[in-house]
Amino acid sequence: MGNSRGHVAAVVALGALALTAVVVLSTGHPHPNVATVFLLAAGLVAAVGCFIRAAGSAGPRRRAWSMLAVAATIAAAGNGVVAVLVGGSLGGPAVDATIGVALLIAIVGILLFPQEKLSRTEATTRILDGVVGGCAALIIASALVYSQLLASTQGGGLERAVVLVIPVLDVIVVTAAASQLLRADEVDRSALALLMIGFFCYAVGDLHYAVLDAEGSYVFGTWTDLGWILGYLTIAVATAVPGRAGRRERRRRPGGIASTGAVFAIILGAGVIQIVAGVPRDVRTGTGMLWLVLVMSAAARQMLLISENHALRRGLERTVDAQTGDLRHLLRERSALIDSVGDGIYAVDREGRITLMNRSAREMLGLDGELDRTTHAHTLFHTDLEGAEDPLVACYITEAIQLGSTTASEDDVYVRGDGVRLEVEITASPILEDDGSVSGAVVAFRDATQRREVERMKRQFLSVVGHELRTPLTAIQGSLQMLDDGVAGPLPAPGPRLLRMATENSERLGRLVNDILDVERLSSGQMPMQIVPHRVDALIADGLGAVDALADARCIRVTAAADDSVVVADEGRFGQVITNLVGNALKFSEPGTEVRVTADGTGDEVVVGVHDQGRGIPEAQIEAVFERFRQVDSSDVRREGGMGLGLAITREIVHQMKGRIWVTSEVGVGTTFWFTLPRSAGTDAGGDGAASAASSTSSEE
């Protein structure tokens, strides 16, 4: 903050000094003493400012500011000594030589500033631009100034050379500052811009003085001296302006329309001025040489740019050819990949029109000719829905495009090209751009006809098997019961054991048949249910009574903790759910552990949990435990029995009673099956409601 305020104060002070000089020296009366003071003060301030800026810099910047400080000191000292000793006259070879040396040192200082790293072509082009600009400026000066300077010079060759060199050096230092400004870092750009302005003011002062002095009308101490004073002060301001650190920006390539136009505008301007002003006889040779250098530099510049542009165009052509080949390869690869997929795939744009379709989709839809790319895909593959005002509104393609939603495993019916209906299972996903907008959708589908036929045959098989097994099974169980009642008399010694084994297996087979029939009824929605309010604690107690024997046999303690919430459920099916879940927990728990059943009314539902301390379920298999004929381990079938239907039946029962079911498990710790059922708003239960939560239904004894 302190440095910033100091810079502002310095700039304000220098501006005030410049304003004072302008006011005093513009009165129309000579003020040589005042001009001397202002000139020496401005030069001293510029020199001191450059030294201070050099002390606060490092590397190339330190060297650049040091050289500028030396140049300002030499120029100011030369002007001051002559002004004091000679009585205000600024003429003479001594002053010219001093100024010439100062300008040479200033040129070196300007060139020492750090530059943007350029290619060889860019660097050469900018050098040639500087040569063109410098030659044009010298041509203009030769037409307007040099003839008068030469006419007024009475000395020998050295004096004439010094007089002619000063304007050349002025042009070079301004051109160098402008060139460096174009290549400078962000931190140096403001300072270089002010340095260029300062040297320009100084050059104007030099040329103005030279012309007036040649005419014999120059008077020291008037407004004509403001060029030098303002030049020094502007350089001083450049030392006080802080650098702005920022990201390096890549400059525009030289040789563009703007830079080329500027070069030719400079040449045209020099030519017009020379034609209007004429070419003095004594500078014709020099002017001709300048024109030769200018034209050769401009021609070399253009040839260099043409060569670079040609190489650039050839490089771009090679790059485009290579990328085009890569793109063709990717397109062929994508086409082969999509066509190798057995599922049908097609893509649509934002209007729902087909943009891509693979071979499998064409074959399944019976499309042999050109695709209709003007009609919405929904309209192409669907018949009109009776009574539907706009069948596109509920279409998964529309939802994917307008809402950005994904549809998975949805059943649909497509109409083939020959009019045959095709049952399909589809997945639709939106195509998202980098900005999150949706540009279309991709639909993948598979023929579901065979799958649905297999499911129908499976259901039919299970139904037939279930009903066909029940009749002989009932007869077998009746015969076994009669033998157990002694109808056939006492059985021989192995008889009771064999009878007990046959009875147990017939009961197991009966449960399997019942499960098969339950699966069929649940799938078809034909399982009758009486869904009425019941006390959840009473339902749990009744359900646990059916697993007492199994718990005792495995030496596992079963406990229940349920509140008195009233749940809306079918009493028998609720008991079946509890029996299945607790029985499953008992099968996979070790002796001496505990199975807990909890129930809590929360909001508009009752949450029931069955917790065990068994081996747990691997995370990868949790989603599959509710599938039909599925066991976590195939050895479970041999060791524990069952066909993997219990949890599938449990899920269907819970869903039909408007509930949810899920499982949480940790391997080696235990598993919890959760399910919810709607909670009754009232407190009256449809059942007996007399039972309360059982605290323990069996023990290890």
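Heads up, the Cβ atoms here are built off N, Cα and C, so glycines get one too.
Remember, TrEMBL labels are computer predictions, not curated facts.
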Per TrEMBL, the range holding transmembrane segment, considering 257-277, 530-550: 257-277
Average model confidence [pLDDT] within the domain 'Histidine kinase' (464-681): 83
Contact set, same chain, for the transmembrane segment (97-115): CB under 8 Å, 6 or more residues outside the stretch: 59-61, 63-68, 70-72, 74-75, 77-79, 162, 165-166, 169-170, 172-173, 176-177, 180, 183-185, 188, 192, 195, 199, 206
